[in-house]
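Noted in TrEMBL for the protein shown:
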| type | residues | note |
| --- | --- | --- |
| TRANSMEM | 15-45 | transmembrane segment |
| TRANSMEM | 91-108 | transmembrane segment |
| TRANSMEM | 129-149 | transmembrane segment |
| TRANSMEM | 169-192 | transmembrane segment |
| TRANSMEM | 204-228 | transmembrane segment |
| TRANSMEM | 240-260 | transmembrane segment |
| TRANSMEM | 267-291 | transmembrane segment |
| TRANSMEM | 311-337 | transmembrane segment |
Amino acid sequence: MIAMTSWFTAESLPFVWFTLIGCLLTGYLILDGFDLGVGVLHLIVPKDETERRLSVNSIGPLWDGNEVWLVTFGGALFAMFPYAYATAFPAFYTAFILLLFALIFRAVSMEFRGKMHSKLGRRMWDVGFGIGSLLAAFLFGVAGGNVVSGLELNERGDYTGSLMDQLSPYPLTCGLLIVLLFTLHGAIFLYMKLTGDYQQRIANAAKVSWVLFAIVYGIVTIWTLASVPRATENFADVPALWLIPAFNVAMVGLTGWMVWQRFAFAAFLCNAGSIASMVILLAAALFPNLINATDPAMDLRIVDAASSTRTLTIGLIVVGIGLPFVLIYTTIIYWTFRGKTRLESHSY
């Protein structure tokens, strides 16, 4: 058995992996969040072919690398918490299929739109790009809302609810919240990448997105506090945890101020802070569970869902070796394609 330090004992490894998976999810939502937001904006803001090409080419070199974080997140969840994976997949089977379809259709649309010679053909793929992005963002939010409010599980961890149970008003509102959050994220990113009249209209879209997001954010916050008591149980036990939502509110407010001042990079960082603190809020609300059940006796705890100590240890070594390469690759790509987007003959 590989020796473990006091930081990585058999008892602590499941919680180390809980943290790492949260980091992977955060990385994906921040990086691919603006890709999805650009796709949503693609449906309504660009007014001609040039502007549509500018939108697509702003994320063209980045989107596939950003999705590595989602693949890594899913793989880590499957390997390190197989019981949680076995519970979540059947529960969200329909949603997973729709998400897979949305992400594939988005990618195919980006690749094929530039190969169409007819205006109608390009427009068809433009709509596919936008709808795929919108659906993916919405499904992430709906899944998050269901995880917070709890799933109907039996003593074996099997999902006993129906699809309609997952489409109650609270998860649907969470889905709208994430769509607006990613739309704002995408608008801020596009503002950094564009120039001229299109940039000015994107700036206006960012303002509208922030206002709508702030309204829905307030609704979801009040709804959670009033109707989802389990989401705040840990905060009542550990009052210091209230610093997390306080930071989240501050990031949301600062994002809006930066958007109005047109400090694009600062706004992007603040919105990334909003996304990161939302993931931390989710983790704080779930802990020590990985999946909440409507019946607390059926909760799937982190320690119960984890793989063996040996698997967790080997996985940690693999991540320690592989993650730096992902970070280096991501940094190089973003540095290489920094600056304003320009259209060339080989562009999308």
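Just so it is clear, glycine is given a Cβ too, placed from its N, Cα and C backbone atoms.
Sequence-distant contacts of the transmembrane segment (169-192), counting only residues of its own chain at least 6 positions beyond either end whose CB sits under 8 Å from a CB of the stretch, comprise 30, 33-41, 55, 58-59, 134, 137-146, 148-149, 199, 202-203, 205-206, 209-210, 212-213, 216-217, 219-220, 223, 227-228, 255, 259, 262, 264-265, 267-268, 271-272, 274-275. Counted as Cβ pairs under 8 Å, contacts with the transmembrane segment (15-45) are highest for 129-149 among 129-149, 240-260, 267-291. Between the transmembrane segment (267-291) and the transmembrane segment (91-108), the number of CB pairs under 8 angstroms, six or more residues apart, is fewer than three, so the stretches are not in contact. Cβ atoms under 8 Å from those of the transmembrane segment (129-149) belong to residues 29, 33, 35-40, 42-43, 56, 91-92, 95, 98-99, 101-107, 109-110, 113, 166-168, 170-179, 182-183, 224, 228, 231, 282, 285-286, 291-292, 294 of the same chain, restricted to positions at least 6 beyond its ends. Within the chain carrying the transmembrane segment (91-108), a Cβ under 8 angstroms from the stretch's Cβ atoms is held by residues 39, 63-64, 67, 125, 128-129, 131-133, 135-136, 139-140, 142-143, 146, 151, 159, 161, 163, 166, all 6 or more beyond its ends.
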